[in-house]
Every structure is written in C-alpha cells, then in structure tokens.
C-alpha cells in the first residue's frame, strides 16, 4: 500500500483522539490547531525549532493556552444546546478543579473567563489560597476535600470578600466546625452536601464513585445534616448538592444511570425543604486517549453533546414532574478542559535494533541443540510455520538451560540466539492476521521482534500514569510523517528502571505492543510527541533518578500565526540535589578539595572545576544535539 497523508492519520488514529486539534500536513509534520479545525495550523517541528533557538531544550513541554479557552467554550456551548433542547432554564457553570493542573499558566488562563459560566474548585488549603486569588469577584468557588478549621475559616473569609464560596460537607464532623466558624466570623456560609451514589462507573478511576468511595455522605448522613440545619438561620444556606460518578467514564450508560440516582436525591432534598440552587455533578467526562471510540478504560463511547444531554435531561424531567425550580448545573470536567492543551516533545537518543538473525557456518563440535535449530531454519518453506516456531521455542529454551549448566559455551549460546531470531523473522513473514489461527503467534512475534527507541525523557516525571495505572497516551513522531515508517519500536526512557517503558500504543484504532517508527538518520533529530498530557501528568510527576521538570513554553495564536508567549526553564541538577537535602556549598567544597588533592596543573584544575560546575547547574536530561 502506498504511504499517504490519510494513511498516516489512520496508522496513528490521529483523527479520533485529536478531536480536531491535531493533524498531519503535506510536509509530513504534526500540526496543532489551537482554535479547532477552522483556525490557524501550526507546525510542531517549527515551534520546537523556534523554542530551541530561544534557548529551550528537549525534552520540552508545549502548552497551547488557546486550546484551553476553546475547550471551555465547547463545553459551555454543549450545555447551552442541551438546555435549549430540553427547555431547561437553570443555567450552567463549568467549574475547573485545579487539582487537574494547578500551574498558573493553566488555571489562570481558564480563570480569566468572565461571567457566571465558569468557576473554580479547591480540594486543599493550598489550592483554596490559589483559587481565592484567581477567581473573579462574585465567582463560584466549590470547596471540596477534607477540611480543618483553618480551611473552613479561609473559605468563609472568601465569602466575606464577595466570592461565592460553597463549603461542601464531605463528612458529618465538618458541619459543626462550619457553623461555629461562621458564627465567629459573622457570615452566613454557602453550604453543600456531597451525596455518595451507589451507582458506579466502570474503569481505572471507579473508586471515586460508588458506595465504597472515599468521599461523600450516606443517605442517613445526608438526612442528619438536614436535621441539624432545618429550622435554623442556616437552613437556607444549603444550596449545593454535589456528587461524583467517577473520573474518565467510558460508557455513557454509566452517566445516565448515575444521573437517575442523583436526580432522586435532588428531588428528595427539595421536598424536605432544602433550597438547592446548584447541582454539581462532579467530573466524569472522559477523553478518547485511545481513539477507539469504545468502552475501554482510556476511551469513551460518546461525544461532548451526548454527555451534556445525559446530564440535563434527568433534571429537566424531574423539575417538570415535581414542579421544582431548575437548579444551575455545575460540572467539574477538568480532564476534558486541559488534556489536549499540552504536548511533550522529546528526541530519540539511540535505537537498539532487534537482531535480524543469521545462520552461522557449520562447525565440527556443534552441539545437538544448535543442529536442531539449524534444521528448523532449513524447513521454513517445507513445514507449517507455526509448528516450526513452537519447536524453535523448545530448543531455544533447552539451549539456555544447557548454557546455565555449563554444557555449552558462549559461542554456541550466541549461535542459538542467532538462529532463533532468524527463524522468528522467517516465521513472521509467513503468517497473516487474516488467518485467525495465526494471530496468537503473530502477536507474540510482533511483541518480541521490536526495536528499542531510547527517548530523552522520564516516564515517571512526564507521563507518570503510564507507570502507575497503565494509562494510554497517543505517541506520534512529529515529522517525517510523509514517509512510511519501516520499523516497529517500543519507547524507553532515561531512567534506570525497567518500568520506564511504554508498553501500549495507539495504532489503527486499537492498541498494540509496539509503534510504527522510522529509521534514524545520522546528524538528524528524530523527535516524538506525547499527546493529551495536559491533565494530571505534570502535577503527579515525580523525580525518579532526579529527573525534574522539563523546559516548557506557551505558544499563543496571534495575527501572524503564533508566538512563544512565555518560556519556563526546567529544573537544573543543583535544584534537584537541594530538593533532596544536599547542601550545595558542601558539594562544591568537596569537588574543590578533590581537584586540589589530584595535583593537576592550574589550567587543568580550572577546566575540571568548570565542567563540574556546568554539570551541577545544567539540565538533568541528555543533550538534544542529533547523533553524528
């Protein structure tokens, strides 16, 4: 099949996971469209080159703040349309939970939205302090998470300062503290209750919903809260009903089921006399990381409009059936707002090609196991390929055991490997996925016969969910996409850890154990993009092997196309050492002592001292200069 632009899109499933923000251009470059498909197209290789010319280094995180604004606009538009279709008059507010990505360049861009259609959520005291500064005057702030008196006091101060803070009661003991602190400060609190739904969305994040969820009140506890408030001056303060169905909900039916249960809570609380003005449905809106449009954990089988409709319809029907005032619908869809806006770019530093295998020449003292392997290779065109592979596996294992027992030497051990790889390649050439019986062996061979692409980044720092929960992220070369990839490879990071490897890849609307990649060219960079990393990854990233934050740039759309609006340097080695307790003055003193003790000339001592200082203050990652 002739390679083409369309085939590039299909190979990497780009059109399905990109959601209109990324595509391949005629030059074979990945391009970003921060304003959606009808807006400006920006070449990612050109952006990286411009950032490097300005001093940035790879690995490099690219942020596109215009995507944040566009995602927020699409979310709001979907609910406007759904409310119009269902004749729902309650209104809608998109709340951003800053735990998803607390960086000022993310939360601040979203918070710059003016109007009732946007709010912020905090789940800790530090997040609350940030949100109190970010929110517009009169803006909605949802205060979630476990709380002490200081947290509660700060939230109440926000209300005194003109912010619409709502303290969501997550456990019964919080209510007493809220009422006591409100009385002390002389302010009527904004209150909410988080109800714990029995409905449970399937997937990796299912524990955030359901009866066993970490947060939320049981039906009895909800009644107890209302019992305390009823008949007091605080009864009218209970305005928010909050719940959470899960995160990254893959199946739209789980959303419908959760909303049916949650709507019953709204109806019952209203019938008891609570003035619920806001129903906060929490998160759950997923991202199709896989591009499979399925119920798989890292995919979704619905679109944005379907999500909005499944949220609005049950509430619209309940309000009509029970003659209730429609509450304002609130969502906390942070993943859907932020995932697309960030792309990590990293360069391949080296490739370890899978052995092609060869047939060694005969020798007089050849062990029987080597002869058997040679015979198998000679029968590739005479016997069923699958049977030959099974026999090769048997004798390969026999050869390894013989080597371990000292029965064969290293030379013959290497010959066994050479023959096994030659047989494996020969078997794979003779199998087809069209034949159902071939698929298990073909899948095994495709997993075994892959190159290792060593990439200048850390899985644990930049895409930690790959290691932690087997999260899927689309990975695509950002250039040479007008050429057919001729190799299959796995991505390995720089860390001294076998878990620093990506094990699953998006390919042809499914998942595979390897990725189609290109052969490296001497003196030419080969750069790979890790897409949809804007939610959680920066915040969850750790410092395994002392690899810290990468360099980052913000790329903004302007009248000429784009501009690099802001550049942030990543962590340097001295910063990482200081973080784990090293006294840098002492480190430098030890270096100086050892240089003096080595008895070198003044010039050599100065040169070594300068190199040590450069290493101490340099970027922890490898040089991004192409291999010669």
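Each position is counted from 1, following the chain as shown.
Backbone N, Cα and C atoms are what each Cβ position is placed from, and that goes for glycine too.
Annotated features in Swiss-Prot:
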| type | residues | note |
| --- | --- | --- |
| BINDING | 279, 280, 281, 282, 283, 284, 285, 286, 287, 288, 289 | substrate binding site |
| MOD_RES | 99 | N6-(pyridoxal phosphate)lysine |
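Residue 99 (N6-(pyridoxal phosphate)lysine) and residue 281 (substrate binding site) are 17 Å apart (CA-CA, integer value).
The residue listed as 'N6-(pyridoxal phosphate)lysine' and residue 283 (substrate binding site) are 12 Å apart (CA-CA, integer value). The residue listed as 'N6-(pyridoxal phosphate)lysine' is surrounded by 19 other CB atoms, counting those within 10 A of its CB over all protein chains shown. In the shown protein chains, 23 other C-beta atoms lie within 10 A of the C-beta of residue 289 (substrate binding site).
Across the structure, residue 279 (substrate binding site) and residue 99 (N6-(pyridoxal phosphate)lysine) are spaced 20 Å apart at their Cα atoms.
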